[in-house]
């Protein structure tokens, strides 16, 4: 590791005209609305990773963001805000920085087209550089960032006072005498300034980050304490990582891939550095990288999959006054969402609008929503998107909707059954690749569509019908009326016809495979508790959609696990609201290529009478899950406690059938977020591993109030790799926290009877 390498990277960057211009700075307009457009001075910092900006009247006050947090740069009027000022500023002056996670976009206007291009090209280069970094380069960058932060007087050296500041920034509460001893050890004998320079700082950092926990594991298998031979590494993979026949072949692959010493490689051995690099790599992570890729059978009926689904997708915030935005659809689709919702109402000038009816949420055009869907539907996943239509429009505007769907979506819109055959079972995601399926009311069935009249009278919408308690007085009055549905819109509904749910017995005798019902969370939860086995059987043949209660005006979410337990496929959540519920959703759909479809367990796809309330009736083994929480690395500070050092604890939570719901936690460690050591073991019994999710949470302990969230990671139980593993933590928004992890030892075994 060498800070000089980072300086060399920066020197090379200085040869790039765009990046040089960004370092010189420019006045750009920051735009928040049509009326809020203010000039700010933007400048790329010397580290080549941070962009700084401030108002000309802000004095010393300023804001910054890291290029690593920027997902993509969009040119022109590619946001609603920039579109709203298109008459004032031409497209060639405008661009948008789209951030990872739920952070709002940054809309900017340059003084000239050439200046806009400098920033567009420059930020794109920096994003590409960041994404192309390997693990070592990221670590180098991280060390350089800390050096820059601690070097307050920017003289390229650090005195002891700056080192003490650095330790606090890094979440380390170290005895001053010990810190001074470490500092002094690394001072060169020739130093007259009493300061650490480049390489001394690197050595100081390496002393801070020495991993005794990893060293102990290494020593357990290394005969000479210096290297792991090929046979010793193979033994480690067999005994600890529970790898089978492949252990020898894999051991050689790991040496080739992670061992930095050419001499050790030549002798077929692994040093402690290579061993640690393996353990912090994706191969050493808790989530099996082979299961991250698309690997499941995608040729089964749609009803056999859990489908990543969003509720009120258009909203960026709450259900009463929140902003409606096309950006919300983009963000949901980028997260693998395969079922989006559109609430349609009559708008001015014959144009249907999308918003949360009878509230103060803002309105967007139906046309713009469908245009966004056409552009982004298949960028992350090629499997079908279900467009859940809540239709409150007049006949005239329904016809406009049908025309817009037809013209904008073109061939991606499914208009007829595959092969023109009446379906006996739903087609598969594989069959429907690249298709948009409309979910709405339909006049008659697929078989009868050629012989029906042009309109029908029926209820207003699925959600209004199913959850009348959540409606306003005006909505209830409207719901008492009957609304007509146009033939043009009806004909676009093929495999997702919305129908009223009567009973499981009625559905078994009368319902078609392409008919589906929507349930409020309370109704679905009651059915799951009272008639769980029947719900599972129903969901093996037909689709079910569950949505949050209308009382959740703050856009909060319910626990989706309860509905996955009975096989409900479309469990719709408010994607805009971070929290444990979205962590579970992200965890479940992190597997199988993040394609938005996860194959249900086989006992939920056939006629077996699986009852989630009585999983012990299954003639299968339970699982013993033992998690030794060893240590943490570079845990994040809590935002509103910048001056303090955290007291971290780890909680392991199991989500699954009722008998599997459990949580246990470690003790807390005083004043150490940098390298806390717990070495505590937590034990669980898991009755239905195929449905279980495991959530690892790190919190800052507070004896006088609720603990503060620091990071989490959620993984399907069946995707866990046993052995010594690192858990790379995510923020509340679901974005990675650089270099922040837990080190654990996982043991999983089968139990024939419950212990």
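Using N, Cα and C of the backbone, Cβ positions are placed for all residues, glycine too.
Listed in TrEMBL:
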type: CARBOHYD; residues: 191; note: O-linked glycosylation site
type: ACT_SITE; residues: 311; note: active site
type: ACT_SITE; residues: 356; note: active site
type: COMPBIAS; residues: 450-466; note: compositional bias 'Acidic residues'
type: BINDING; residues: 645, 647, 671; note: Ca(2+) 4 binding site
Discussion item. As a test of the contact definition, list every same-chain residue at least 6 positions from residue 356 (active site) whose Cβ is closer than 8 Å to its Cβ.
Written reply: 312, 314, 315, 319, 320, 322, 324, 343
Worksheet item: What count of other C-beta atoms do you get within 10 angstroms of the C-beta of residue 671 (Ca(2+) 4 binding site), across all chains shown?
Response: 15
Worksheet item: Near the Cβ of residue 647 (Ca(2+) 4 binding site), how many other Cβ atoms are there if near means within 10 Å?
Response: 21
Response to the item:
Checking the recorded positions 311, 645 for other Cβ atoms within 10 Å of each Cβ, the smallest tally belongs to 645
Practice prompt. Express the distance between the Cα positions of residue 645 (Ca(2+) 4 binding site) and residue 311 (active site) as a whole number of Å.
Written response: 38
Worksheet item: Just the number: how many Å between the Cα atoms of residue 311 (active site) and residue 671 (Ca(2+) 4 binding site)?
Response: 41
